[in-house]
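Data first, discussion second: the structure below is written as structure tokens.
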Amino acid sequence: MNGPIRRVAVVAMLMFALLLANGTYIVLFRQGPLDAMPQNRRVRDAEFSQNRGSILAAGKTEIATTVPSKDRFAYQRNYPSGSLYAPVTGYFSYDHASTGLENTYNTQLAGTADSLFVRRLIDLATNRTPQGASVQTTIVPKVQEAAATALGRQKGAVVALNPKTGAVLALVTSPGYDPNTVAGHDVEKADKAYDSLAADSSRPLSNRAAREIYPPGSTFKLVTAAAALADGKTPDSKVKAPDRLRLPGTSTYLPNEGSCGGTTITMEQALKVSCNTAFANLGLGVGEARLREQAQLFGFDARHLSDLGGVASQFPDSLDDAQLALSSIGQYDVAASPLQMAMVSSAIANDGVLMDPYVVSSVQAPDLTPIETHKPRVLSTAMTPGNAEALQQMMGVVVSQGTGTNARIAGVEVGGKTGTAQSDPKRKPFAWFTSFAPLDDPEIAVAVVVEDADIPRNDIAGGRLAAPIARAVMQAGLSR
Amino acid sequence: MSSAPGPEGPPTVLPRKRRGIELVMLAFALLLGLGAYAQVDVNVTGALGPRFVPVAVGCTVGVLLTHLAVRWRLPYADPLLLPCVVVLNGLGLAMIHRIDLISEPVAHGARQQLIWTTLGVVVFLAVAVGLRDHRPLQRYPYTIGLVGVVLLLLPLVPGIGTAKFGAQIWIQVGPYSFQPAEAAKVLLAVAFASYLVEKRDVLALAGYRVLGLDLPRARDLGPILLVWLLSLAILVLQRDLGTSLLFFGLFVMMLYVATERAGWAVLGLLLFAAGAWFGYLNFGHVRVRVGAWLHPFSDFDAYYQVISAQFGYAYGGLLGTGLGLGRPGLTPLARSDFIAAAVGEELGMAGLMALIMVYGLFVARGLRTALQCREPFGKLLAAGLAFAFALQVFAIIGGVTRLLPLTGLTTPFMSQGGSSMICNWIIVGLLMVISHQVRRPVATAASYRPDLETTQVVRVA
């Protein structure tokens, strides 16, 4: 019987070998994905009770901190300014994961990132409580506060950029929410708070500044103007500006909102009064391909600010002439995020050079030594310096004499462009304003959108609503 | 083994007793178990618990008693079986104690388990001192088999049988519940061994040869079909995959060893496959287990237990969180069926693998005893007990680690539960008795030729 017993022994050996092999497989291949699963309470609880690093605004203002706690988790995430910085920090909740920088920089904040491995070993050896790295943002509290105050309770968003670096100076979306309510340790209460936020029809959890796209309306005329300048036109070039333009191939007429000051006007005049027919003609003259190319040079059709999950703005495909005419004035299927329109102003202001927008300037270890540092990066050269300067002057005229007079700041030259857009005839229009200041040496570029603005559908009205907000933000951001 | 020239010329083999080795290994095993227990206390509460000293003293006395009994009555028994058991039992106790400390107020699973362990040790002592020789067990195959089958089916009797966790495998007598399948495992192993020793010639010789396989005659299929049907009955009526698999596996393996004919093993595997397929098609509880195995994340709530065990392994990683520092309490039944998950989480995959190796060592020593045994009953019994043990470890740890569909078996010597603990101590006792008989110097030295295995068969009956 020994032969069969030996074979049985081999079978038994194989069974144990399989158990061991499976154990190895778990550690090598299953561990990572399992630890990353949101349902894994062990990992989540461990992260939740960690001494998480802070998120800082410029000037070392703590916008997300961790304070010791005496309940079942050792630390509590705290957002000292309530809802003010929520669009940037996001929240860190127990049942609803995390958003914003809390999510993007989770491993660094929690101290589990690979870049912190050596520090973890030292902490282990010295028996020190491991602490996460802190994340330094580019947000300037003064600008952020001004933007939030100016926008107030209106639905909409504000984005402010430093045109020379791409640093995000302010990023506000409204209505907002207080991340403290969903980050609480009383999970039931936090869940309830989250559920009511998620169910709210005004969508307070959505980031309108970077993650929503709107029809940009007349602010898109800046892109058309840039394309026309690149095509050889100058601010003084004459453009046909009939009172109404029959859209090619259709029997529909595109009207102007008011008088454009003649039927043949200069491009500068067209931008100053936001003349629809003139820009439709400019767009038709430039052609679909060149207009799209110009839009893409400004950043359309690509995602930006991935740290906050920014979405791509759209310039539609395969247009007929009627659609091209409408697209040239920011209608039809053109859609842009407030971030995108701030990038347009920013590139024009920065002599045509578009900087990659960023919100995190550095990640610092608990002892403040930098682990990662962001270097400003050129995204594209959207315009030649000469054309950019011409467009800057045209935008200056818009603010000094045109539709954007509400953005004037005493003693500072400001360039801007108004817009009013309607996605659906039944909805109230969106009021837009995008601008930069000062004109000669820009320090800040801003885009403002106000949803469901209770205004008539014309640009002067759009400028009336959005331009003062932009002015307040620029004033806060100017060093003078 | 060492050989010394005998007085009449042919060498007499005197196996060394190696009881000293056993004592050292026992001390080491005890240290591991008590160390783990103390570590749990320190890591969870910051200080040794008030019960640590009495527990430590009690365990040391128990281990010493087993050692002394072995020294006295089974001096030639295998020296590694007992230390393996002490490691497993000790770590199991520590782990149960660890899970006790999670609940508020603290539970007393470890105290209960300690009582069961004590009873197990008492039964072991009884086997070691009282039985000494396994061969008398051979005399009553049918009686023992019948008792085993009755025990197996007892939970189905209304009134005393109760269902827990969806399986009808418990009997309730007063405040105590008992899993009779564990006792049936030992009894049926004995019954199968003695029955097969008696009938093996018939089962081995008559038959047809098809495709190089010797197939049995139809009229000899009776016993295997009977056991198959019994296993199916357990699967269907008691909803217990593990026990069903274990008994059928045990019987087929013993049949194969007794007859030396691969045809039986092939037939057994085919019958097993048919039974498994039948079960999968007809029973929701089988499908749930298979579902939890193949795609646990498709239904988080239904497969929560298996998923939680996986999360535990991932959280513990290679080296574990450390005893008392993980979250094993999140997995339901972490004390019993899923104790391997708790071990993997807190001692890491490395710790769990070490534990699997200890089980492997135990099985290897059991099979070695079977190989060395010179008479068929002891051979079959030792091989059967060792293989059943291996199969059980494979099924439960494989199930918890998602190598196999989960079958609700106990993890020998570790899971909380009295019936399993006592019966496993009986198994160690039996294996030690057999190995003592095997390694004991034979009275007629001349007839003992270790190099010629085929001549070793000693007909006793």
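Any Cβ shown, glycine's included, is placed from N, Cα and C.
All TrEMBL annotations are machine predictions without curation.
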TrEMBL annotation (transmembrane segment) - matching range among B:52-68, B:290-306: B:52-68
The annotated transmembrane segment range in TrEMBL, which must be one of B:182-199, B:218-235: B:218-235
Long-range environment of the transmembrane segment (B:114-131) - Cβ separation under 8 angstroms, sequence gap at least 6: 55, 58, 62, 65-66, 69-70, 72-74, 89, 93, 417-418, 421-422, 424-426, 428-430, 432-433
Close approaches to the transmembrane segment (B:80-99) from elsewhere in its chain (Cβ under 8 angstroms; 6 or more beyond its ends): 22, 25-26, 28-30, 32-34, 36-37, 39-41, 44, 55, 59, 63, 66-67, 70, 107, 109-110, 113-114, 117, 120, 323-324, 328-329, 334-335, 339, 342-343, 346, 355, 358-359, 361-362, 365-366, 411-416, 421, 424-425, 428, 431-432, 435
Other parts of the chain folded back onto the transmembrane segment (B:380-401), taken as Cβ under 8 Å at six or more residues beyond its ends: 134, 137, 185-186, 189-190, 192-193, 196-197, 242, 245-246, 249-250, 253-254, 257-258, 293, 306, 309, 313, 337-338, 340-341, 344, 352, 356, 359-360, 362-363, 365-367, 369-370, 373, 407, 409-412, 427, 430-431, 434-435
Distant-in-sequence neighbours of the transmembrane segment (B:218-235), which means Cβ under 8 A and at least six residues beyond its ends: 149, 152-153, 181, 195, 199, 202-203, 206-207, 241, 243-245, 247-248, 251-252, 255, 264, 267-268, 271, 275, 278-279, 283, 286
Within-chain partners of the transmembrane segment (B:264-283) [C-beta distance under 8 Å, separation at least 6 from its ends]: 203, 213, 215-216, 224, 228, 231-232, 235-236, 239, 241, 244-245, 248-249, 251-253, 255-256, 290
